[in-house]
Amino acid sequence: MTFTLPQLPYALDALAPHVSKETLEYHYGKHHNTYVTNLNKLIPGTEFESMTLEEIIMKAKGGIFNNAAQVWNHTFYWHSMSPNGGGEPKGRLAEAINKSFGSFAAFKEQFSQTAATTFGSGWAWLVQDQSGALKIINTSNAGTPMTEGLNALLTCDVWEHAYYIDYRNRRPDYIEAFWSLVNWDFASSNLK
């Protein structure tokens, strides 16, 4: 199976001023695309060549896992944001956040703290566990909740390439800007 770079759900300049067109040109057009290209170079002639992306992630190790997971993580991240995003969730997701964290404000503070304090490169995630409870986790490098049996609802990429053009070393400023873009409809659609 040959993988292709998924289309962004918005134009390259649609997230500005929070995330610039230049950042998306590099992050999506170069970084994400490189993971797709590398995965396509690594899987021919292996047991993974006819598997779906999710099957590869669940079974692979090393370079194949890293590139497959980064393709999936980035695609999920692009959908976690919207030019019409921000605000607060509604309906079932709002209720689940209040039940798990006490309030939206408490959730936002905990998620921001997790994202800001993730050491090195990684991801901050809002996930749903097997019991239906919501949790905030971080994964390092190419880690993904899928391999931990968790259902991803929302993610914030905290690899430096996600924010360095716009925010330099000010990760907390990038995280604050992320809240203006959060696609709550997408997060809600992932709720089981």
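Just so it is clear, glycine is given a Cβ too, placed from its N, Cα and C backbone atoms.
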Which single residue out of HIS18, HIS27 does Swiss-Prot record at the Fe cation site shared with HIS74, ASP157, HIS161? HIS27
Packing count at HIS161 (Fe cation binding site) (other Cβ atoms within 10 Å of its Cβ): 14
Beyond the site residues HIS27, HIS74, ASP157, HIS161: chain residues whose C-beta lies within 8 Å of the centroid, for Fe cation: TYR28, HIS31, HIS32, TYR77, TRP159, ALA162
